[in-house]
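J.: The structure follows.
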Amino acid sequence: MPELPEVEVVRRGLDRWTTGRTIAAAEVLHPRSVRRHEAGPADFAGRLAGRTVLSPRRRGKYMWLPLRADAEDEPGEALLAHLGMSGQLLVGKPDREREKHLRVRMVFDDDGHDLRFVDQRTFGHLMVADLVPDAFAAGALVPEPIVHIAADPLEDAFDADAFYGALRRRKTGIKRALLDQSLISGVGNIYADEALWRARLHWARPTETMTRAEAVRVLEAAREVMGAALAVGGTSFDSLYVDVDGESGYFERSLEAYGRRDEPCRRCGTPIRRDEFMNRSSYSCPVCQPKPRRARY
DNA sequence: CTTCGTTCCTGTACGC
DNA sequence: TGCGTACAGGAACGAA
């Protein structure tokens, strides 16, 4: 499942393969993949044809390819992408076989490698969006549909004090807060569990009573674990998350909590527990991460 | 306003 | 072998 490190791996791959190239045509094979492009698939394709893509940007789990403006005074646009659960952006020879779940295909005017959006579960999406001023980084631009997405902890624009203040005002549990992309972006179920294990915090720890030291601990843990994952190409549980050339990442072997039900905690040996949480799974160590007396879900 | 449950989707694993 | 069911879960949306 692509979270911040996996999306960053893909962003870097795109930077290498598509930056500066001009899209000749885009073909939408499944309308659901462009459902957030409200003007429809034909408009989506029309807005991309003839446009040159610039160096890709990322915030949290979203990435976007700015499109070179036709004229100086035109509002900027970008091709915005979210991989959802199973989305892949793949680069390869245009004449290779079509993937079973190929949803959108873009070819370039140099007849070189094409760009394909492949997505089994169709939770991901692509759209062309206007760029607007960023609420977090002065002078920067972000696609309008993601102005509500907070800076991620690997950005300079991330404000740890503001994050701590928001935690204290919230009446919820720390994991729910970590997964709330309007508070901190880029963290999904896997890295939330890993960060909480490293910070020795239970997922239901109420945020309104958290100390600054605890907040700093979980933030540092999130940065460390996502940085380490990025360094080895991300986490690939199955073939659903891959780089732009189809390669898997190697971080799965380094996971300490996620997916390790009944396996010994690598700090204390206690079997890792699995709890139901938000209709999904939460993994933690019963000893290192004791459940708080007043838990919040 | 905040908080939280529901919903979308398809392939895999597993019990009977 | 085949069928039904649980599970994987990001984030928009709507209800309370």
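Even glycines carry a Cβ here, placed using N, Cα and C.
Residues or ranges marked as domain 'Formamidopyrimidine-DNA glycosylase catalytic' in TrEMBL: A:2-124. What TrEMBL lists as active site, proton donor is A:GLU3, A:LYS61, A:ARG280. Positions annotated as DNA binding site by TrEMBL: A:HIS101, A:ARG121, A:ARG170. As annotated by TrEMBL, domain 'FPG-type' applies to A:256-290.
Map these features onto the structure and tell me what's around them.
T.: In terms of DSSP secondary structure, the domain 'Formamidopyrimidine-DNA glycosylase catalytic' (A:2-124) contains 27 helix, 43 strand, 53 coil.
Counting Cβ atoms from all protein chains shown, A:LYS61 (active site, proton donor) has 25 others lying within 10 Å of its own Cβ.
Note: A:HIS101 (DNA binding site) has non-local neighbours A:SER86, A:VAL118, A:ASP119, A:GLN120, i.e. same-chain residues 6+ apart with C-beta under 8 A of its own C-beta.
Each residue of the domain 'FPG-type' (A:256-290) gets a DSSP state, and the totals for helix, strand and coil are 0 helix, 14 strand, 21 coil.
In sequence order, A:ASN189 make up the list of same-chain residues 6 or more apart from A:ARG280 (active site, proton donor) whose Cβ falls under 8 Å from its Cβ.
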J.: CB neighbours of A:ARG170 (DNA binding site) within 10 A?
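T.: A count of 18.
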J.: About how far apart, in whole Å, are the alpha carbons (Cα) of A:ARG170 (DNA binding site) and A:LYS61 (active site, proton donor)?
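T.: On Cα coordinates alone, these residues lie 23 Å apart.
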J.: Kindly state the mean pLDDT of the domain 'Formamidopyrimidine-DNA glycosylase catalytic' (A:2-124) in the predicted structure.
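T.: Taking every residue of the domain 'Formamidopyrimidine-DNA glycosylase catalytic' (A:2-124) together, the mean pLDDT is 94.
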J.: Give the maximum pairwise CA distance in Å, whole number, for the residues A:HIS101, A:ARG121, A:ARG170 listed as binding DNA.
T.: 40
J.: Give the sequence-ordered list of residues that share a chain with A:GLU3 (active site, proton donor), lie 6 or more positions from it, and have CB atoms under 8 Å from its CB.
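T.: A:GLU3 (active site, proton donor) has long-range Cβ partners A:LYS61, A:GLY186, A:VAL187, A:GLY188, A:ILE190, A:TYR191, A:MET226, A:THR235.
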